[in-house]
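One structure is given here, and the rest of the page talks about it.
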Amino acid sequence: MAQSPTPAVVTVTGAAGSIGYAALFRIAAGEMLGPDIPIRLRLLEIPSAVSAAEGTAMELDDSAFPLLRDIEVHDDPKRGFDGTDVALLIGSRPRSKGMERGDLLAANGQIFTVQGRALNQVAADGVRVLVVGNPANTNALVAANNAPDIPAERFTALTRLDHNRAIAQLARHSGAAVKDISRVAIWGNHSSTQYPDIFHARVGERSGAEFAADREWLTRDFIPTVANRGSAIIEARGASSAASAANAAIDHVHDWVLGTPDHDWTSVALPSTGAYGVPEGLVSSFPVRSVDGSWQIVDGLQIDDFSRKRIDASVAELESERDAVRGMGFI
Ligand SMILES: NC(=O)C1=CN([C@@H]2O[C@H](COP(=O)(O)OP(=O)(O)OC[C@H]3O[C@@H](n4cnc5c(N)ncnc54)[C@H](O)[C@@H]3O)[C@@H](O)[C@H]2O)C=CC1
Ligand SMILES: O=C([O-])CC(=O)C(=O)O
């Protein structure tokens with residue numbers, strides 16, 4: 001008889017929040033790690049939200065997912081991350097009224113220092129970490145720096161939502177189907193300085209560069225629409241993107257574990273190896289392929305002056321965030 005696969009321990013922080021609620025049921029249904037891998041869920045929350053997370057756990061039970069082995073709810077990171085194979089760090093401190101950027105970095109620096117240390121102590125050897133909570137890139141930088149025994153490349157931040165938004169906008173503009181668009185790229189920070197790049201894209205039978213030649217559309221429509229989409233959703237919905245963010249987080253981990261299609265790549269924020277002139281160690285978004293369970297930055301892309309300027313601007317923002325958390329002693 002074939003042995004059944006070992007269950008994967010998946011920890012979701014911010015499990016009682018909107019993204020957590022949109023992600024957990026799909027994870028338990030097998031959409032993230034595939035239909036053969038049993039799932040053990042660990043929901044990590046702050047004490048005041050533990051009761052709400054327990055309610056979500058009851059609903060997960062009630063869904064009778066065949067792959068779902070067990071669920072635990074914790075407010076202690078060392079218990080929530082114990083033996084974890086995949087950690088989705090969704091919970092973070094949101095910006096509140098009157099809060100300065102420095103205050104936000106400080107509040108989150110604290111959270112991601114504690115979580116990085118706990119992961120370092122108790123996570124499974126091959127743990128994969130995805131930071132969703134904003135400021136995602138710098139939170140991932142802080143967590144990675146506080147987990148010296150985990151290889152830095154296992155810490156990533158989510159720019160797949162930006163990547164998916166770029167595909168959707170290009171599909172809408174070109175008339176091509178989403179499935180016929182490949183090789184878009186997000187560079188830099190998950191913020192309004194990000195650079196969505198279509199110069200290397202394939203759009204059906206056409207090239208992204210053909211569409212990029214229309215500089216008016218590119219600079220006044222496409223780039224700002226993708227880069228400011230999060231704010232536009234907040235404006236329209238009165239709440240930030242939740243289902244699309246959960247969807248992107250699931251896409252990210254799915255491709256990390258199961259691979260990217262041969263003809264395509266995706267975008268992930270991960271510690272720079274110095275590629276494309278991005279300072280080593282900064283958690284910056286790149287076009288990447290997933291090969292044998294690891295991300296590899298796509299190499300050899302020609303970066304013209306138009307793109308260079310925009311990548312550099314977003315990287316400069318990441319450097320200033322890094323300098324701020326360094327100044328506060330988090331890294
Ligand atoms: N990278 C991306 O593409 C996106 C990132 N986001 C970010 O994702 C984060 C979560 O968004 P939502 O789920 O909508 O927020 P939410 O406010 O609905 O939920 C956040 C949850 O995190 C919990 N939490 C806070 N600190 C925690 C900690 N130290 N440990 C465990 N849990 C903690 C809260 O109790 C709350 O239940 C926000 O920072 C948001 O800005 C949102 C959309 C896209
Ligand atoms: O600012 C937020 O919370 C939302 C966000 O990151 C996005 O939708 O890209």
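Positions of Cβ are set from backbone N, Cα and C atoms, glycine also.
No curator has checked TrEMBL annotations; they are predicted automatically.
Under the heading domain 'Lactate/malate dehydrogenase N-terminal', TrEMBL lists 10-151. Computed over the domain 'Lactate/malate dehydrogenase N-terminal' (10-151), the whole-number mean pLDDT of the model equals 97.
Sequence annotations record features per position, and here TrEMBL assigns NAD(+) binding site to GLY14, ALA15, ALA16, GLY17, SER18, ILE19, GLY20, ASN108, GLN115, VAL132, GLY133, ASN134. DSSP assigns GLN115 (NAD(+) binding site) to a helix. Listed in sequence order, THR13, PRO77, PHE81, LEU89, ALA143, ASN146 are the same-chain residues six or more apart from GLN115 (NAD(+) binding site) with CB atoms under 8 A from its CB.
Listed in sequence order, SER92, PRO94, ASN108, HIS190 are the same-chain residues at least 6 apart in sequence whose CB falls under 8 Å from the CB of ASN134 (substrate binding site). The substrate binding site annotation in TrEMBL covers ARG95, ARG101, ASN134, ARG165.
The annotation domain 'Lactate/malate dehydrogenase C-terminal' is assigned in TrEMBL to 159-323.
Summarising the environment of HIS190 (active site, proton acceptor), the number of other Cβ atoms within 10 Å of its Cβ, over all protein chains shown, is 30. Annotation comment: TrEMBL describes HIS190 as active site, proton acceptor.
Each of the binding-site residues ARG95, ARG101, ARG165 was scored by the number of other CB atoms within 10 Å of its CB, and the largest score is that of ARG165. For the binding-site residues GLY14, GLY20, GLY133, the ranking by surrounding Cβ atoms (within 10 Å, all protein chains) places GLY20 first.
The maximum pairwise C-alpha distance among GLY14, ALA15, ALA16, GLY17, SER18, ILE19, GLY20, ASN108, GLN115, VAL132, GLY133, ASN134, the residues recorded as binding NAD(+), is 20 Å. ARG101 (substrate binding site) sits 21 Å from GLY14 (NAD(+) binding site), taking the Cα positions as reference. Every protein chain considered, the tally of other Cβ atoms within 10 Å of the Cβ of SER18 (NAD(+) binding site) stands at 16.
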